[in-house]
Amino acid sequence: MKKHGHLNRDIARILASMGHTDSLVIADCGLPIPPGVECVDLSLKLGQPGFIETLDSILADFQCERAVFAIECRQHNPAVQDKAERMAQAGAALDFVSHEEFKQRCQAARAVIRTGECTPYANVILHSGVIF
């Protein structure tokens, strides 16, 4: 049994397979998952696990070069906006796009990790960086 990192075998596999600029979505429970994009559904019940908790866990094991958020989070979800700002301070480039554009960009993702988050616009597209 693994002692460190992600115990979820699908998440561990996806993170290990990511290459430079590949994208991974962390989503709330309402984001539509595009057909053909792998979904790892972590949702247990409304609010669990949360978006930020899940994002923090992924970021502990993932080199994020760029993060894309829906611009609507600035007005409707201050916690997500605050997290975006902290990611920028840690060195990730940020993009903000309309929620409709965000959903279109999800079609190119390697996978979507669906959380139980039930606050608006709690979604991010993470683009993989390199560790060297």
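Each residue, glycine too, has its Cβ placed from N, Cα and C.
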Additional site residue, HIS20, HIS99 [criterion: listed by Swiss-Prot with ASP28, TYR121, ALA122, ASN123 for substrate]: HIS99
Starting from the Cβ of ALA122 (substrate binding site), draw a 10 Å sphere and report how many other Cβ atoms land inside it. 27
Densest Cβ environment (other Cβ within 10 Å) across the recorded positions HIS20, ASP28, TYR121, ASN123 belongs to ASN123
Just to be sure I understand the packing, how many Cβ atoms besides its own are within 10 Å of the Cβ of HIS99 (substrate binding site)? 17
